[in-house]
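So the structure is just underneath, and the comments pick up after that.
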């Protein structure tokens, strides 16, 4: 299992704009059904942090995949390109990057999972 994170650093106050782009709340973000129907997709979470001692906020996009191949197939898909404002297989994105300072993508292999234990009463 693979977890991919995209940590997006944004100017203070700009996080809601970025969150809407990923949740599809403004009509042009990740349509839930597009990623949910991708073979090998296991889940998606969006995290938001407001560090008090920093002049920025962070939005962390996390996706869980059966394999690295499944995740790479999503990135190559037309649905991914459309959701990210791309028309070609390129890193160039739409110009609407309001408030985004930068981002960092990381891939992790899951080596252990601890699930909660159910205690019978």
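Please read every residue number as a count from 1 along the shown chain.
Each residue, glycine too, has its Cβ placed from N, Cα and C.
Feature annotation from Swiss-Prot assigns Fe cation binding site to 6; the stated evidence is sequence analysis. DSSP assigns residue 6 (Fe cation binding site) to a strand segment in the three-state reduction. Counting Cβ atoms from all protein chains shown, residue 6 (Fe cation binding site) has 15 others lying within 10 Å of its own Cβ.
The annotation heme binding site is assigned in Swiss-Prot to 84. Secondary structure at residue 84 (heme binding site), taken from DSSP and collapsed to helix, strand or coil, is coil.
Summarising the annotation, Swiss-Prot assigns compositional bias 'Basic and acidic residues' to 78-98.
Among the features that Swiss-Prot reports, domain 'ABM' is placed at 2-101.
Positions annotated as region 'Disordered' by Swiss-Prot: 76-98.
Taken from Swiss-Prot, the feature site 'Transition state stabilizer' covers 74. Residues near residue 74 (site 'Transition state stabilizer') in space but far in sequence (CB under 8 A, at least 6 apart, same chain), listed by position: 35, 38, 40, 41, 63, 65, 80.
Residue 6 (Fe cation binding site) and residue 84 (heme binding site) are 13 Å apart (CA-CA, integer value). The domain 'ABM' (2-101) scores a mean pLDDT of 82 in the predicted structure.
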